[in-house]
Structures are given as structure tokens and as C-alpha cells.
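Peer 1: If you scroll down you'll find the structure; I have some questions about it.
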Amino acid sequence: MTDAPAPVHALPVRSRLLLRWLRLPVAVRVLLVYALARLFSAAVLAEVARFQVASQWTPARSGYGDVLGLWDATWYRRIAEEGYPDSVPLGAAGDVQQSALAFYPLAPLLARLVMLTGLPFPWAGSAVSLVAGALAAVGVHAVVLRALSERAPAAVARRGAWGAAVLFCVSPPSPVYQVPYTEAPAIALLVAFLACLQRGRYAPAALLALLLGLTRPVAVPLCVVVVVHLVVRARRGRRAGRVLGGREALRCLALLAASGAAGLLWPVVTWRLTGRTDAYTATMGAWRAGGRVEWLTPWWGISQYVLGAVAGPLLLVAVVVAFAWWLLSRRTAVLGPELRTWCLAYVGYLLLVLDPFTSLFRYLVLLFPLGGLVALRPGGRPVLRAWVACSLALQVVWVAWLWRFSPPADWPP
């Protein structure tokens with residue numbers, strides 16, 4: 001005979017608490033971790049705000065509410081309160097000036113709706129980001145779990161999905177999930193899009209792609225993800241002897257068209273708004289040192305600036321090749337074609353269009369699927385705990401170094 005399990009009330013307190021925690025629905029557990037992470041970020045922001053000097057954005061020794069509106073949040077506030085200009089602003093010499101046309105409309109328009117309650121923009125925009133970030137955290141867990149469940153044992157898949165969600169919540173730039181920025185809404189839409197793609201629900205996926213095209217300039221890589229998804233699906237169907245019907249083929253083509261159009265949607269809107277075909281790219285160029293958007297070459301120049309004329313480019317090429325090799329290797333195949341292609345296409349997109357520097361840390365939060373690989377490493381929980389501890393420590397560094405503004409100019413977050 002085997003001994004009966006001990007009743008719950010006879011277990012140590014730590015074991016009883018763990019059992020209660022594990023009995024909660026996984027979405028509730030993810031949301032609780034997200035809430036605790038946002039409280040930690042709020043405490044860090046509030047403490048760093050005490051050392052904020054007076055600037056055009058904040059008073060000296062600011063409070064938490066004051067620092068919510070720093071940096072790009074000032075542009076989103078202008079959009080929410082005043083809308084967009086109907087022409088491309090020009091300087092006295094005819095050069096294009098920085099303007100709201102470089103910033104996408106969905107998040108500030110949602111904040112404007114929240115402002116109908118009487119909340120000022122910093123708090124309304126923060127509310128939009130907080131809610132979107134909560135949805136994104138649950139979505140990250142769902143899409144990573146589905147991908148891993150098809151290629152790994154159930155326990156391993158659950159561990160990987162949990163790790164991805166936790167690291168998403170605590171990543172060093174995660175305070176952007178509670179300020180009026182677009183990362184949280186964009187990731188919420190992205191994970192919803194990927195979830196629809198995983199389930200073959202192409203009509204809602206097409207709509208989500210278009211919404212993402214109005215949220216943040218990250219829709220272009222979606223087209224690559226869709227192409228890979230459709231190719232993989234066609235190969236699987238051929239092996240199984242299934243023929244793609246006419247209606248299904250039309251749905252696939254509509255999804256491909258929507259994902260392609262999403263990347264062009266906002267540039268077309270700014271063209272129609274201002275009458276200038278290059279309104280968006282010309283305005284983006286106003287933030288660049290040369291006054292125009294350059295493809296790929298900024299990475300080369302920055303690598304030379306930081307590490308030298310020879311060592312910089314060599315290290316850049318080595319890092320890019322190593323990352324691509326690793327992401328295409330067998331050990332990352334567990335993520336599945338959609339998530340793996342997203343990571344590869346997004347990094348390729350950043351290499352093509354980004355003028356890299358300190359904002360790069362924030363852009364990397366969209367590589368959330370890679371967090372699922374951390375928890376799959378030997379060591380399990382201790383490894384994840386170490387990553388969480390390092391992430392929280394680096395979050396303090398990120399806020400103190402980049403979010404705090406030192407006038408007249410500073411490195412952007």
C-alpha cells in the first residue's frame with residue numbers, strides 16, 4: 001500500500017502558498033506578475049523623478065505624474081490634444097522640421113478617448129499603455145505556449161511560456177508599458193496577430209495587421225511572417241494530400257495583401273493629409289543627422305564611432321551573422337516558424353531602417369519570443385530567477401540613465 005498524500009493544511013506554509021498560486025488560472029498569474037512589475041517600475045520612476053532637474057517638460061524634483069510625459073510622450077500629447085498638421089512644417093531655409101507626422105495615431109487617439117473622463121493626457125496615455133501591456137503579457141504567454149506545445153513536452157512548453165511572459169513583464173525597458181508610448185499597444189496587437197496566424201484565422205489577422213500599421217512602424221516584417229506561414233502551410237497540406245480551395249486561397253491572398261499594405265498605411269495617410277508624397281519619410285529624416293533617412297549605413301557608421309573604423313564593422317557583421325545562425329539553428333526551432341520568422345524579420349528590419357543608439361534597448365522588447373528559450377535552458381527556475389534579478393537591476397539603470405532628462409539635450413530612451 002502507498003501512503004495517502006498529506007492534507008493541504010498539514011503542509012508547510014510555503015508549500016500551501018505554492019499550491020494556491022498554481023491553482024490560479026495561468027492568465028491570472030501572468031497578470032499578477034505584470035502588476036507587481038509595474039509597481040516596481042512605478043517606484044523606480046518616482047524615485048528617479050526626485051533627481052529630475054527643471055526642463056521644458058518637467059519642474060525640478062518632479063513626481064511620478066510629471067515624468068510620465070517625457071520624451072516622445074510630448075508628441076503623442078500634441079496629437080491627442082491638437083491632432084496632426086495639414087502640411088509638412090518647414091524651417092526658414094525650407095528644411096523639413098520635426099513634427100507629429102512622424103508618430104502613429106492609434107495610441108494617442110485611444111488616449112484622447114480616455115481623456116473624455118477628465119483625466120489629463122499623461123495619465124490617460126499611461127492607462128492605455130497599462131491595459132495594452134496587460135493584454136500583451138497574457139498574449140505573449142499564449143502564443144509562446146501554443147508554439148512550444150507543438151514541438152516540446154507539455155511541462156517544457158509551460159515552463160518556456162511562463163519564462164517568456166515573466167521576462168516580458170520585467171525587461172529593462174518595461175517601464176514603457178506604463179508611459180504614453182506605443183510599445184504596449186503594438187505588442188498587444190502583434191501577439192493577437194500571431195495568435196490568429198497560428199490558428200489559421202486570417203480575416204481577424206488581416207484587420208490586426210492594418211491596426212498595427214496605425215500603431216507603430218513595425219508592420220513591414222509582418223509580410224515576411226505571413227509568407228513563411230503560408231509556405232509552411234502549403235508544404236504541410238501537400239504532404240497530407242490536401243488541396244487549397246478557392247475560397248481559402250482568397251483568404252490567404254487577402255491576408256498577404258493586408259500585411260503588405262499595413263507597412264504603407266501611415267505613409268499613405270500622411271501623403272493624403274499633407275499633399276506631399278514623402279511627408280512621413282521626410283519628417284522622419286528631420287530626426288537624422290543628415291536630414292534624411294538612410295538605409296543600413298547608420299549601423300556601419302555607429303559601429304565605427306563606438307569601436308573604431310575596422311573593429312566596429314567587423315564586430316557588427318560577426319554579431320549579425322551569429323544571431324542569424326543561432327536563430328536558424330535547430331535549438332530555436334521549438335519556437336515554430338511564425339515566432340522565429342518574426343524575430344529574424346524584425347531584426348532585419350531594424351538593421352535596414354534604424355538609426356541605432358540608445359533607443360535600441362526599447363525596440364528590442366518586441367523580440368519577446370526569445371524569452372521563452374531562457375526558461376528552456378538546463379537549470380530551469382534558478383536560471384529564470386537570475387534573469388529576472390538582472391532585468392530588474394538593469395531597469396533601474398535604464399530609467400536613471402535614459403528616462404531622466406538632462407537639458408538642454410540628452411540621449412533618448
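Note: Cβ is positioned from N, Cα and C throughout, glycine not excepted.
Where the annotation comes from TrEMBL, it is an automatic prediction and has not been curated.
The transmembrane segment feature in TrEMBL is assigned to 26-46, 127-148, 207-232, 252-269, 305-327, 339-354, 360-376, 383-403.
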Peer 1: Examine the transmembrane segment (26-46) against the transmembrane segment (383-403) and state whether at least 3 Cβ pairs sit under 8 A, considering only residue pairs 6 or more apart.
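Peer 2: These two stretches do touch.
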Peer 1: I'm a bit unsure how to read this: which one of 127-148, 305-327, 339-354, 360-376, 383-403 has the highest number of Cβ pairs shorter than 8 Å with the transmembrane segment (207-232)?
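Peer 2: Top-ranked stretch among 127-148, 305-327, 339-354, 360-376, 383-403: 339-354.
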Peer 1: Same-chain Cβ contacts of the transmembrane segment (360-376) under 8 Å, 6 or more residues past its ends?
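Peer 2: Beyond its ends, the transmembrane segment (360-376) has Cβ neighbours at 140, 143-144, 147-148, 152, 156, 159-168, 171-174, 176, 181, 183, 186-187, 190-191, 218, 331-332, 334-335, 339-340, 342-343, 346-347, 350, 354, 383-384, 387, 398, 402, 413.
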Peer 1: Are there residues at least six beyond either end of the transmembrane segment (127-148) with Cβ under 8 Å to its Cβ atoms? List them, or say none.
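Peer 2: Non-local partners: 26-27, 30-31, 33-35, 38, 107, 110-111, 114, 119, 156-158, 160-162, 164-165, 168-169, 176-181, 183-185, 187-188, 190-192, 194-195, 198, 334-336, 338-339, 368-369, 371-372.
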Peer 1: Determine which residues of the chain contact the transmembrane segment (339-354) at the Cβ level, with the cut-off under 8 Å and only residues 6 or more beyond its ends counted.
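Peer 2: The answer is 143-144, 147, 190, 194, 217-218, 220-221, 224-225, 228-229, 293, 295-296, 298-299, 320, 323-324, 327-328, 332-333, 360, 363, 366-367, 369-370.
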